[in-house]
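Features of the protein shown, as given by Swiss-Prot:
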- ASP72: active site, proton acceptor (ACT_SITE)
- ASP141: active site, for ring-opening step (ACT_SITE)
- HIS143: active site, proton acceptor (ACT_SITE)
- GLU148: active site, for ring-opening step (ACT_SITE)
- SER151: site 'Part of the allosteric site' (SITE)
- ARG158: site 'Part of the allosteric site' (SITE)
- LYS160: site 'Part of the allosteric site' (SITE)
- THR161: site 'Part of the allosteric site' (SITE)
- TYR254: site 'Part of the allosteric site' (SITE)
Amino acid sequence: MRLIPLTSAEQVGKWAARHIVNRINAFKPTADRPFVLGLPTGGTPLTAYKALVEMHKAGQVSFKHVVTFNMDEYVGLPKEHPESYHSFMHRNFFDHVDIPAENINLLNGNAPDIDAECRNYEEKIRSYGKIHLFMGGVGNDGHIAFNEPASSLASRTRIKTLTHDTRVANSRFFDGDVNQVPKYALTVGVGTLLDAEEVMILVLGHQKAQALQAAVEGNVNHMWTISCLQLHPKAVVVCDEPSTMELKVKTLKYFNELEAENIKGL
């Protein structure tokens, strides 16, 4: 596992965006051989999306031959709702870059057959071979996507009941009213994430410090689903300074020295 220790949320977003752009450009995608990118929602990736849009407008990257798969979507929330992940992605990213509409894949939380929707999503991912890079965030309790504590580390795309803590955390997007936050969501599984060629998780804020410690210094444990990254051959965790407060000094020093060349120029 790589740990990229940075100072601020802005630096985390810039590093993540630069990493994605470098991966896309090195891949040299075409219509017949697209780059497949997994994407998250929420507050954490906003600085990364902003930086990606800026790099696109500066001519540094094209998304014309990029195919995206989003991590999750609420169940029962109309896609036109301002807090649906469909709306979030278009508002913060898709509407500002040159990605073709047919290359965008989002789970449908209003599908008449939820099980079929989840199966078809997995099959569509497999039809591209694999996701080349999956970017994600992490919850205070260590969940990735909506794989809440005690999720199977072999899980695939499915419906999940959201914990009360997750709904409280997300209520900030629903006028602070937890009762407006949907109780269920569709989410890719831990196994789906582990199938990606590379997984990059962004971690921001002191409230995520225990989750980061569990990921880096703890054991693989389904109560902290972020710890599954230890099983992945190409995992990258990009974090700001407040989120490192639970890490041992020697751990942080080790990764600072290891990644010194890779955190320049931010």
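Every residue, even glycine, has its Cβ placed from backbone N, Cα and C.
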Which of SER151, THR161, the listed recorded sites, has fewest other Cβ atoms within 10 Å: THR161
Other C-beta atoms that fall within 10 angstroms of the C-beta of ASP141 (active site, for ring-opening step): 19
Recorded positions clustered about ASP141 (active site, for ring-opening step) [Cα within 10 Å; pool: ASP72, SER151, LYS160, TYR254]: none
Between HIS143 (active site, proton acceptor) and ARG158 (site 'Part of the allosteric site'): CA-CA distance (Å): 15
DSSP three-state assignment for TYR254 (site 'Part of the allosteric site'): helix
Whole-number Å value for how far THR161 (site 'Part of the allosteric site') lies from SER151 (site 'Part of the allosteric site') (Cα to Cα): 11
